[in-house]
Structure formats: C-alpha cells, structure tokens
Amino acid sequence: MNGDLYFFIFISPLIAAPLEYILSKYYKRIAGVLMSLAILTSFILSILAYMQINSSGIIYKSYQWFYDINFGIYIDHLSAIMSLFVSFVALMVNLYAMYYMKDDPRKNLYFAEIGIFIFSMLGLTVSSNLAFFFFFWEIVGFMSYILIGFWYFKPNAASAAKKAFIVTRVGDVLFIVGIGVLFSGLANYVSSPLSIPFIIAHPHFILTKIGSFNLTLSTALILSGAIAKSAQFPLHVWLPDSMEGPTTVSALIHAATMVAAGIYLVARLFPLFDVTSGTMVAVAIIGSFTAIFAGILGTAMNDIKRILAYSTISQLAYMLAALGLGTFIGYTAVPLAMFQLVVHGIFKALLFMAAGAIMIMTLENRDIRYMGGLFKRMPATAILMLIGSITLAGIPPTAGFYSKDTIVSFAYLYYIRSGDIIPWLLLSLGEIFTALYIFRMYFKVFLGRPRSKLAERARDPKLVYLIPVMVLAVLSLILGIFQVPFYHYIYNNAYVYTPPILIDALPLIYVVIGIFIAYLVSIGRIRIQDSNIFSRIVRNKFYLDRLFTYYIAQDAFVSFSHGISYINKYFIIDTDKAFSKFINLGNAFRKIQAGLLNYYMIFMIGGIAIVFLIVEVVRII
C-alpha cells in the first residue's frame with residue numbers, strides 16, 4: 001500500500017472538524033456521526049499500518065520542508081501500537097459523547113474541537129521529526145486548554161483551562177530548549193539532526209558528538225516537558241482542576257491523548273535516555289515518588305472526577321517509573337510501560353464514562369458523600385464501574401494485574417541489580433493507596449443507602465448508550481492474556497520477570513489491605529479527623545497549589561514589580577518611554593489574540609521557526 005495514504009491516520013479528523021461544525025449546526029441529530037466516521041477511518045488505517053509492518057517492515061515517508069528539517073511519518077512497532085490505541089479509545093469516547101453531549105447547544109463546536117485534538121495526538125504519534133513532534137505537541141496542549149474551558153461561562157472551567165495551559169507551558173519551554181541543545185550539537189554532523197529514526201538508531205553516535213553533559217542536559221529538559229504533559233510531580237497541579245470540562249473530555253485527556261503524550265515521548269526517545277544514566281535515575285525516582293504521592297492525595301478527595309484525576313497521575317507515574325528502570329532491565333522497559341499505558345487508557349476511559357453516567361442521572365453532582373445506594377438503582381453502571389475499579393487495583397485476572405504488578409516485579413529486579421530499593425518500595429506501597437482510593441469511592445457511591453434525593457432518583461441510561469463502555473469493560477478483563485505477545489511485538493527480546501513467590505504476592509496483599517481499609521472507612525468504622533495535622537495537609541494537597549499560585553505566581557511577580565518601581569523612583573532612569581513602548585507592544589500582541597485558531601497556528605509555526613533560527617545563528621557564531 002502507498003505509504004502516503006497513512007498520512008490520513010491523523011489528517012482524517014482534521015478534515016472532518018470543519019464539516020462537523022457546519023453540518024451539525026444545522027442537523028443537530030447527526031452531531032458526532034461524521035467525527036466518529038473520521039476517527040474510525042484513522043483506526044482502520046492504523047490496523048492496515050500494523051499489518052503492513054508485520055509483512056513488509058517499518059513505514060517511513062519523509063519530505064523536505066526547509067533547511068535540515070523534514071516532514072513525514074514514521075510508523076514502527078511502537079507508533080503502530082500507539083496509533084491503534086489512541087484512535088480506538090477516541091472512537092469509544094466519541095460514540096459515548098454523542099449521548100453525553102446530546103443536549104448541549106454547542107455540541108457541533110465540541111465535536112469539531114475534539115477532531116482537532118485527536119488530529120494533533122495522532123500527528124504526534126506518527127511524526128518522523130522532533131520539530132513536528134513538538135508542533136503537534138503544542139496543538140495538543142492548546143486544544144486541551146480549549147476543551148477544558150469548553151464551558152467557559154463557568155468560572156471554575158475558565159480558571160482550570162488557564163491553569164492547565166500555563167503549567168504545561170513551563171514544560172514546553174524546557175522541552176523546546178532541550179530540542180535546541182540536541183539540534184545545535186548535531187547540525188554540523190548530520191543532514192537531519194532531529195529525525196526520529198536517526199535519533200533512536202544512533203544514540204551512541206549522538207553521545208560521542210555532543211558529549212555526555214550536553215546530552216544529559218538535553219534529555220533532562222525533554223523529560224521536563226514530559227513531566228508537565230503527563231502531570232508528574234511537581235508539575236501535576238493542573239490535572240485535577242481539568243475536571244471542570246465535559247466528562248468526555250476528561251476521559252479523552254486522561255486515557256489516550258494529553259497525558260499519554262509525555263509517557264510516549266520518553267518511550268519514543270528511550271534509546272537517547274538510555275545512554276544518559278543520570279536522567280534515567282531521575283525518571284525512575286520521579287515516577288516512583290509521584291505514584292505514592294498522588295495515591296495519598298486520591299484518598300482525601302470527595303469529588304468523583306478528582307479521585308479519578310489523582311488516580312491518573314499515580315498510574316502515569318507507574319509508567320514513567322517503568323521507563324526509568326531501563327538502566328538495569330534494558331529496552332524491555334518500553335513494552336513494560338506501554339502495556340500499562342494501553343491498559344490504563346482502556347479502564348480509565350471506562351471509569352470516566354461510568355462516572356459521566358452517574359453525573360447525568362444526579363444532575364452533575366460529583367460529591368460522593370451525596371451518593372450511595374446506586375448499585376440497586378444503576379446496576380449496569382455499577383457493574384461497569386466495578387470492572388474498572390478491580391482493573392485499576394490490579395486484581396487478577398484483570399489486565400491491570402498483568403500490567404501494573406509486572407512493573408512492581410521489575411522494580412524488585414531493579415533493586416537486586418542496582419541496590420536501589422526506593423522504586424520498588426514506593427511502587428509496592430502505592431498499591432495500598434490505589435486500592436484504598438478507588439474502593440473508598442466505589443463503596444461510597446454504590447453501597448449503603450442514598451444520601452440525597454438525587455441519588456434516590458438515579459437510574460441507568462439506556463443500555464445502547466453504554467455499549468462503548470461495555471466494550472472497554474470486556475477489554476479490561478481480557479487484555480492481560482496478550483501481555484507477552486504485546487511485549488514481543490514492540491521488542492523481540494523483551495521478557496517478563498517473575499520474582500520469588502512472597503515478593504510476587506506482596507502487591508496483591510497490599511491491594512487486599514487497601515480494600516479492607518476502604519470498606520472500614522465507608523461504613524464509618526475508621527474516621528479521619530480534619531483536626532489531624534496530616535489529614536489537613538493531605539486535604540490541602542500538601543499546599544502545593546497555594547505555593548505555586550500565591551507565593552510563586554503572585555507574590556514573586558508583585559515583588560518584582562515593586563523592585564522595578566523602587567529602581568525607577570530612586571535612580572534617575574527614563575523608564576516612562578520604555579514602558580510606554582512595552583505597553584504599545586502588548587497592545588500589538590493583543591490583536592493577535594483574536595480567538596481564531598488559524599492565527600494561533602500561524603504564530604505557533606512562526607515561533608518554532610524563530611527558535612530554530614536563533615539556535616542556528618548561535619551555532620554559526
């Protein structure tokens with residue numbers, strides 16, 4: 001098959017976006033149909049790419065753009081799996097969104113924006129060049145800002161969108177600087193220094209040419225971008241607030257797009273990370289710490305979507321930690337992390353869509369303290385949520401048992417080979433908090449008596465609306481049997497490590513402990529007092545939001561302005577004209593912010609071009 005056809009893996013949703021916006025505006029009954037067909041096209045093409053790779057090898061089509069930067073697609077075993085996963089989960093969520101968003105007056109705009117969002121994620125997945133990878137990366141971030149703030153008339157939604165945009169921009173700036181370091185170090189030696197096939201095939205050549213320090217600096221900066229995108233400590237603070245958008249947006253962001261991009265970035269460039277041992281240690285430690293840190297925070301939440309949000313942060317941390325284990329387990333770390341990514345995406349979309357069904361039936365109530373007794377009133381939703389919960393907890397024989405517990409087993413192997421016990425200790429203890437927060441939520445929502453009139457009146461949606469959720473539930477139960485073939489598809493020499501039986505059983509013991517504690521909490525046998533110091537700290541999210549919002553973002557800038565004012569007052573400097581020019585410059589840039597996507601795309605491309613021009617000038621000098 002002609003390789004050019006595979007460009008439509010990511011172009012199809014983009015083509016459908018304006019058509020969806022126009023047609024659904026006048027024919028509201030078909031809202032979402034065209035976009036579902038476009039995503040289905042992407043999924044079918046991903047299947048064909050998967051089959052072609054098996055029969056005739058990697059798909060690589062590249063065209064000259066300008067200077068040393070090519071535009072093209074690179075579909076190997078890793079990107080084929082990722083495009084299959086993204087398009088499939090996006091299709092399930094989009095089909096469900098046709099029900100969830102059916103009464104929204106702007107649903108035509110919603111589906112159009114979703115199309116651009118999926119276009120950017122699939123474009124990132126199959127991109128052959130880091131420059132275009134970053135281009136799609138930025139569109140993913142921008143569209144998440146748009147979708148989180150879709151209900152912009154709600155103050156919380158508008159605030160959450162801005163917070164997500166600003167926090168992830170911190171990582172993006174560091175990411176592009178990391179790309180710049182890599183580019184400037186290689187530009188004299190190769191014709192296309194940012195080619196992904198070249199980077200992953202020649203990590204030792206790159207290390208030799210740019211030096212250990214520069215490569216460590218580059219990978220550390222790139223890792224910072226992944227940490228922000230995948231909401232890892234300390235740049236995790238945006239993700240819980242992103243719950244203010246539609247629940248289907250939450251499902252897509254948490255399962256298959258925004259947060260998955262950071263993990264995929266590290267997996268995609270794993271050979272480069274693998275030759276920088278310092279960065280790899282940081283990957284393992286940050287992932288391990290975030291896993292237990294977010295798990296602890298999840299136990300203190302009462303908002304059903306925020307519980308799932310902290311769950312996402314914690315589960316992504318398991319993936320990041322798995323990649324960090326690669327220093328001592330080799331390239332097996334990539335299928336180890338990717339299998340968890342796929343399994344997590346399946347059950348997390350399931351959990352969010354089940355939560356969405358509950359919210360619809362309780363008029364958008366998200367507080368689990370005002371639910372209860374829903375098992376009798378919403379049995380289908382309760383069973384689906386139970387499947388998602390046991391998969392998240394890693395109870396056999398669900399897919400979560402095979403994906404997450406295997407990471408803990410490899411962390412033990414990492415300890416044996418390196419002597420570093422921290423990743424294994426934190427990841428295994430994280431199992432207690434995983435089971436605790438998800439079953440505390442489940443028991444509060446579905447058991448006991450209804451604790452509000454809304455809960456008393458709740459009923460299951462029509463079963464036809466739950467079909468996508470049922471498909472995901474079945475996959476959550478059976479995907480584990482494909483673990484070994486999945487590993488070998490990504491890496492022929494991948495293996496599954498089985499530790500001593502007691503060590504192997506430890507995560508399951510921790511899960512049972514977590515469920516037991518959750519049950520005692522739900523029936524009131526264990527009460528956590530707000531006066532308890534640790535409880536207050538956890539409920540206030542370790543005061544990190546306050547630190548970033550008030551002490552860094554607000555107080556630091558206020559102090560900076562006071563400093564400028566002091567200089568202006570006590571030193572004779574004619575700053576009036578200078579600041580007036582800055583104001584005029586700001587007014588000029590304000591005109592750019594017209595709210596039009598095409599303007600944003602133009603200036604985004606222009607900004608990327610300017611960065612590379614600066615890097616090249618510095619290199620020549």
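Backbone N, Cα and C define each Cβ position, glycine as well.
The transmembrane segment annotation in TrEMBL covers 6-23 (among others). Long-range neighbours of the transmembrane segment (6-23) within the same chain, counting only residues 6 or more positions beyond its ends whose Cβ lies under 8 Å from a Cβ of the stretch, are 30-32, 34-35, 37-39, 41-42, 45-46, 48-49, 59, 61, 73, 75, 83, 87, 108-109, 111-116, 118-120, 122-123, 125-126, 136.
Residues 3, 6-7, 9, 20-25, 28, 31-36, 39-40, 42-43, 46-47, 49-50, 53, 58-61, 118, 121-122, 125-129, 131-132, 147, 150, 187, 191-197, 246-248, 251-252, 255-257, 260, 264, 267-268, 334, 338, 341-342, 345-346, 349, 353, 356, 360, 461, 465, 467-469, 471-472, 486, 489-491, 612, 616 of the same chain lie 6 or more positions beyond the ends of the domain 'NADH-Ubiquinone oxidoreductase (complex I) chain 5 N-terminal' (67-111) yet place their CB under 8 Å from a CB of it. What TrEMBL records for 67-111 is domain 'NADH-Ubiquinone oxidoreductase (complex I) chain 5 N-terminal'.
Positions annotated as transmembrane segment by TrEMBL: 73-97 (among others).
The transmembrane segment annotation in TrEMBL covers 109-126 (among others).
What TrEMBL records for 127-414 is domain 'NADH:quinone oxidoreductase/Mrp antiporter transmembrane'.
Positions annotated as transmembrane segment by TrEMBL: 173-190 (among others).
The transmembrane segment annotation in TrEMBL covers 249-267 (among others).
Per TrEMBL, transmembrane segment is recorded for 307-331 (among others).
Annotation source TrEMBL lists transmembrane segment at 337-361 (among others).
Taken from TrEMBL, the feature transmembrane segment applies to 382-402 (among others).
If you look up TrEMBL, you'll see 422-443 (among others) marked as transmembrane segment.
For 437-614, the entry in TrEMBL reads domain 'NADH dehydrogenase subunit 5 C-terminal'.
What TrEMBL records for 463-487 (among others) is transmembrane segment.
The annotation transmembrane segment is assigned in TrEMBL to 507-526 (among others). Beyond the ends of the transmembrane segment (507-526), by six or more residues, the same chain brings 393-396, 401, 404-405, 408, 428-429, 431-440, 442-444, 447-448 to within a C-beta distance below 8 angstroms of the stretch.
Feature annotation from TrEMBL assigns transmembrane segment to 599-618 (among others).
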Legend entry - Proximity verdict for the transmembrane segment (337-361) and the transmembrane segment (249-267), three or more C-beta pairs under 8 Å: yes
Legend entry - Stretch with greatest number of CB pairs under 8 Å, the transmembrane segment (382-402) reference, 249-267, 307-331, 422-443, 463-487 candidates: 463-487
Legend entry - Leading contact stretch, 307-331, 422-443, 463-487 vs the transmembrane segment (249-267) - CB distance under 8 Å: 307-331
Inset, instruction - For the transmembrane segment (307-331), could you work out the same-chain residues 6 or more beyond its ends whose Cβ comes under 8 Å from its Cβ atoms? - result: 226, 230-233, 236, 239-240, 242-243, 250, 254, 259, 262-263, 266-267, 270-271, 273-274, 277, 280-295, 297-298, 301, 337-338, 340-341, 344, 348, 351-352, 355, 368, 392, 404, 407, 410-411, 413-414, 417-418, 423, 427, 430, 433-434, 437-438, 441, 491, 493-494, 497
